[in-house]
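Asks: One structure follows; several queries about it will come next.
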Amino acid sequence: MLKGTCCCCFSNSVRHLVLLLQFALLTSMFANILLFNVAVVYDDKLLESSHFSINRIDANVDVSGGRFKRQVDANSVNDDDVDFVGPTLGSPAVQEVRKNDNHIDIGSPVVPNEDEFSVTTAATPSTSPKFIGPTTPKLVFFTKQTPPTTTTTSTTTTTPYISSSWPDKEQEEAKEDVVEVRKKEIEEAPASPTEENVTISPYMGNFLPSHPLLALSQATTFAAPGLGMLLFFAPANYCLRRFGTQLTVTSFALVSAVATAVLPYLLGMGNIPIIIMRCIQGASFAAALPTIGATAAKWGSLKEQLFFLTFSILFFQVAPILSWPLSAALLGGNHVNLVYSLHAALTLILAFAFLIFYRNDPQQHKWVNGLEMNKIASGKIQNNRILEKSLCSLLFHSISSWSVWTAAVGHFFALTIVLMFAPVYLFTVLQVSRDRAPTVAIVPFVLMLISHFLSTVINKFCNCTSHTIKIRICNSIAFIGTATFFILLAVLPPSENFYSRSVSLLTFLLLPLGFSQAGFYQSSVIIGRYYSQFIVANLQAALGFAFAVGPFVVFFITSDNSTNQWRICFVIAAAVLIICNIVFCIFGSGRPSHWAEDSWNPFITHKTVDRHADRSTECGILEMRTISEFREARK
């Protein structure tokens, strides 16, 4: 398999093809985990629950403010005669009025008696409505009374408060009627749900019931991938050492594909099967960062170590950018099984391609010629494996390594908040329509991708200071800049433009975070040199920790899904970033650790093979062979 030489287009660049294939496979596996976060927005059945507290009133028709799910009786109301006016933004909403001139609007504290009523239409005002505040709107409870057989419609102009023409006596009577109706509804209402008789929804629509066990169950649904990463972090590293990267990553990718394909069939079975399947998805991704570190150390040259690392971690941005718009288009057409199947099929194809093309060491790859092998091996000391046996103790006693891992916790925690909750936050809190929410949610990752490449250019040409200072500055730009946007989201005052300004801040939220590749990521390569692969491998634990803790923080704080509660989450995210950056700026380093200084010899850059006079020899050099191949040739 893969015998002979490769096409001249790929000559001396097989390592880059290996890097690209690894990146594509990890992107596909990560997209499988993120797919659930978008599918939540499109599940109408589970978004409407007994604990419905989403910050909007929904119905089944699409309007400018989003999709709305609450309906009036279709037998008594014609859809053409109904407009919808949102309770806070002045978007179209159902209006109930009495037949006489005295009428009130939905959302006001006074409700008409159970007399016959008519449904009217209210034109959307052309000017900006008066801002009421970014709080959870009052929900309208439609009674089960039978509407009159004869209804009339008329066009009226409504106001967001009780008409001043109502006499005080009638207001008092209406209030008394409301109290009586509410007492009757409370008496006739069924018993409050308990843990035993409630089907727990793993979706944000059933956002944090008051019962802590229910909240724990829902948070676990979102945190399951992170828990899987933590539980299988050690087994994944053992499999990589025992069976090699090729077989381990291929097997994990196949498991991820199967779990993704099965997941849509479990959505109606409660949250326990979903938690198990998403935990399997996270477990299959537990070898991601260890694989990146191993590939960078074995396939990258001395000058390409940082490039291999920073290019591979782009899957954090590319996965949502490619997956969420496609998923939104298919989920909007109710093709739930199809979107999961496509993700699983792509992962399956890339897994087999990885199995066929990837090799654990470049010496084992038939397409790697002598010239490329010389580039890869030049400067790497051959006795590195002697230190690997006692490396664990050295790593955990290194302050520089701990500073990198601490910075990674803050980095991944900020990413977790946006990756897991951006689509739902945009839809349920910021009033972005369902179809636009996934598209708007990818903008922060597009800007982060741009800043990632921008920081690469700046890092390459800015040599006016030492590596340590430059790394600390870039990491501070990434963390403090992102924390600033989190704080702005938290302190943004209520105003007419609150929602639009919040969306704007959210889109620029991750823009500074792209500079982290020139911060703690670069530090991990410098302080570890050849052993940076083990420092990068332990970043997987930080990723799993952030993915596991982040959902619990969000769920247990935003019990009502209100903007004030989300402000607390943003402040916590900013605090984590600032604290982690302070630790890194104090202990982070841009110099090799003493135990890693001899793992590279950058002065050994001369060619280790000689030119050959025979022009027919490939690339004009002698091919390098492994020791086993050399011994077989001598026999």
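Cβ atoms here come from the backbone N, Cα and C positions, even for glycine.
Below are the features listed in TrEMBL for this protein:
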COMPBIAS  146-160  compositional bias 'Low complexity'
REGION    142-174  region 'Disordered'
TRANSMEM  20-42  transmembrane segment
TRANSMEM  213-234  transmembrane segment
TRANSMEM  246-268  transmembrane segment
TRANSMEM  306-326  transmembrane segment
TRANSMEM  338-358  transmembrane segment
TRANSMEM  404-427  transmembrane segment
TRANSMEM  439-461  transmembrane segment
TRANSMEM  473-492  transmembrane segment
TRANSMEM  535-559  transmembrane segment
TRANSMEM  565-587  transmembrane segment
Asks: Quickly jot the same-chain residues contacting the transmembrane segment (213-234) by Cβ under 8 Å, restricted to those at least six beyond its ends, or write none.
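Replies: Counting only partners 6 or more residues beyond its ends, the transmembrane segment (213-234) has Cβ contacts under 8 Å with 33, 37, 195, 198, 200-202, 206-207, 271, 274-276, 278-286, 416, 420, 540-541, 543-552, 554-556, 559.
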Asks: Report, as numbers and ranges, which residues of the same chain sit near the transmembrane segment (439-461): CB under 8 Å and 6 or more residues beyond its ends.
Replies: 38, 310, 314, 316-318, 320-321, 324-325, 328, 418, 422-423, 426, 432, 470, 474, 503, 506-515, 517-518, 522
Asks: Are there three or more C-beta pairs under 8 angstroms joining the transmembrane segment (404-427) and the transmembrane segment (535-559), sequence spacing 6 or more?
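Replies: They do touch: at least three Cβ pairs between the two stretches lie under 8 Å.
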Asks: Please work out which recorded stretch in 20-42, 246-268, 404-427, 473-492, 565-587 has the most C-beta pairs separated by under 8 angstroms from the transmembrane segment (338-358)?
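Replies: The stretch with the most close Cβ contacts to the transmembrane segment (338-358) is 246-268.
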Asks: Other than its close neighbours in sequence, what residues sit by the transmembrane segment (404-427), given a CB gap under 8 Å and a spacing of at least six beyond its ends?
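Replies: Distant contacts of the transmembrane segment (404-427): 34, 37-38, 40-41, 56, 66, 204, 222, 226, 316, 320, 324, 433-434, 436-438, 440-441, 444-445, 475, 478-479, 482, 486, 503, 506, 509-510, 513, 516, 519-520, 523-524, 527, 535, 538-539, 541-543, 545-547, 549-551, 554, 566, 569, 573, 576-577, 579-581, 583-584, 588.
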Asks: Give residue numbers and ranges for long-range contacts of the transmembrane segment (565-587): same chain, 6 or more residues beyond its ends, CB-CB under 8 A.
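Replies: Hits for the transmembrane segment (565-587): 399-400, 402-404, 406-407, 409-411, 413-414, 417, 425, 429, 472, 475-476, 479-480, 482-484, 486-487, 489-491, 519-520, 523, 553-554, 557-559.
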Asks: In the same chain, which residue numbers or ranges, 6 or more beyond the ends of the transmembrane segment (246-268), come under 8 angstroms Cβ to Cβ?
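Replies: Same-chain contacts beyond the ends: 22, 25, 28-29, 32, 35-36, 43, 46, 236, 239-240, 274, 277-278, 280-281, 283-287, 291, 336-337, 340-341, 343-345, 347-348, 350-352, 354-355, 358-360.
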Asks: Taking a Cβ cut-off under 8 Å, which residues six or more beyond the ends of the transmembrane segment (473-492) line up next to it in the same chain?
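Replies: The answer is 407, 410-411, 414, 455, 458-459, 465, 498, 501-502, 505-506, 508-516, 518-520, 522-523, 566-568, 570-571, 573-575, 577-578, 580-581, 584-585, 588.
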